[in-house]
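The domain 'Major facilitator superfamily (MFS) profile' annotation in TrEMBL covers 8-494. As annotated by TrEMBL, transmembrane segment applies to 64-87, 94-116, 122-150, 162-181, 187-208, 279-300, 370-387, 399-424, 470-490. Taken from TrEMBL, the feature compositional bias 'Basic and acidic residues' applies to 225-235, 253-262. The compositional bias 'Polar residues' feature in TrEMBL is assigned to 237-252.
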Amino acid sequence: YRGLTLVLTFLCYTSYHLSRKPISIVKSQLHPNCSALGPNPRNNSNSSTWCSWAPFDGDNYKELYGALDNAFLVAYAIGMFISGIFGERLPLRYYLSGGMVLSGLFTALFGLGYFWDIHVLWYFIIVQVCNGLVQTTGWPAVVACVGNWFGKGKRGLIMGIWNSHTSVGNILGSLIAGVWVSSAWGLSFIVPGIIIAAVGIICFFFLVEYPEDVGCSPPLHHDAGGVTSNEKDPEAVTSNEGPLSISGQSSADRSDSPKEPAEEPKAISFLGALRIPGVVEFSLCLLFAKLVSYTFLYWLPLYIVNVGEFSGPARRERAWQGEHLLTLPLSLAAHFGAKEAGDLSTLFDVGGILGGIFAGLISDYTGGRATTCCVMLVVAAPMLFLYNHVGQNGIGTSIAMLIVCGALVNGPYALITTAVSADLGTHESLKGNAKALSTVTAIIDGTGSIGAALGPLLAGLISPTGWNNVFYMLIAADVLACLLLARVVVKEIRGWCGCIARKRGYVRT
């Protein structure tokens, strides 16, 4: 059942990201270089945009692209705060599968605009807003399901591996959308929409929300003695994590297991979730961490394509003016087309997969989620600075820097949205109430989604002043994310020092 839960939730959120990716691929087809296709067969006077898709055929097409992106991201950020509250009060299986079917519907509606010959901006904006709202059903639900099945002892590593669904979905979404982007871009949305709806139906029939639903004992999130997450929690959990595990489980543990249906705990309120220690700090940290991650996500492929026009003397002249690119070196990017640049940008996602696994493994071993995030954020700041200056010294250096920066930027982001959210949703202060997991996850990821909307927007506003300034903005966001975790880091370090002191005192006696 654990394996089934991991596979189903992995497929579910892979399909969520698969359905979000097509718009970044189709953008180049909505406003292509029509002059390269020859004269206008319809003898239109405007020969430079005759093949573009209205309303994206004007000079303000980049602003309209930004409107589409922000319509989705802002709706997603707002809806996430509400989504967790509904997720705690509705069956997760119904909530998740229903959201996936609706996500498939709105994704397909965007593509149907091609076949219905729709050229009204508000149609696409409204579809994006609706899609952003229904996509918020995914993350709180899948994290809650995984958290219900896995205790804290191995949660960081398991969720670090499991969180690769984000990058896998992005890569599959790019490949699927690329099949039809030049022939009939509407299918680039319709096919992913069908896929996510189909996975939602599978989830409805096979997903098991709680171990108790199939007669399994729930995992132990905290030991009976009240040991906190900074102490011997991993060792206390590992002996009781298997389904139907009875040997080695004390009577106190069994008495804490929520098997009495007569006293089902009530869902936690929004303010109650904010009072859980660490929720506010990790939420604000994720805001700035996700700001950096989504800036790379939305700008990296586009700049790899566009920087080729600046090379040789133009590059040196712009360098003297303080302008540096957000992505690959100018001399290298000139050799890459749209497809090659898109493939190369996936190295950042590859680094993110490695960073998420590494962060989960280290945090499981040390018991310090905040400290792991803080160290990676501290190292990420100078690496971003180096990438801006050294990442131009050859293709090998560029590949290495993309992977390293992806690991350091996305590692803390992955850890906070998965293991940390599950830890806080099953915090010992809740006294065994598992009804807080979805709400806590929604608060943390909802706050992070605000940063996801702000990052690409700020990059677009700052970039005209020079790309050095964009990197300074990203570095400042990394530093702020680190500072916001300072109180939790100090608490973890004090917990380690107290544990060591108790061990030494025990040895002396």
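Each Cβ is built from the backbone N, Cα and C atoms, and glycine gets one as well.
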Same-chain residues near the transmembrane segment (94-116), Cβ under 8 Å, at least 6 residues beyond its ends: 12, 15-16, 19, 22-23, 53, 86-87, 123-124, 127-128, 130-131, 134-138, 141-142, 145, 184-190, 192-201, 203-204, 207
Stretch with greatest number of CB pairs under 8 Å, the transmembrane segment (399-424) reference, 64-87, 162-181, 470-490 candidates: 162-181
Contacting positions for the transmembrane segment (64-87) when only residues 6+ beyond its ends and CB under 8 Å are counted: 20, 23, 27, 30, 55-56, 58, 95, 121, 124-125, 128-137, 139-141, 144, 267, 270, 273, 294, 298, 438-443, 445-446, 449-450, 452-453, 456-457, 460
Cβ contacts under 8 Å made by the transmembrane segment (187-208) with residues that lie 6+ beyond its boundaries: 1, 4-5, 8-9, 11-12, 15-16, 18-19, 21-23, 25-26, 92-94, 96-101, 103-112, 145, 173, 176-181, 214
Contact yes or no, the transmembrane segment (470-490) and the transmembrane segment (279-300), 3+ Cβ pairs under 8 Å, gap 6+: yes
For the domain 'Major facilitator superfamily (MFS) profile' (8-494), the mean pLDDT of the predicted model: 76
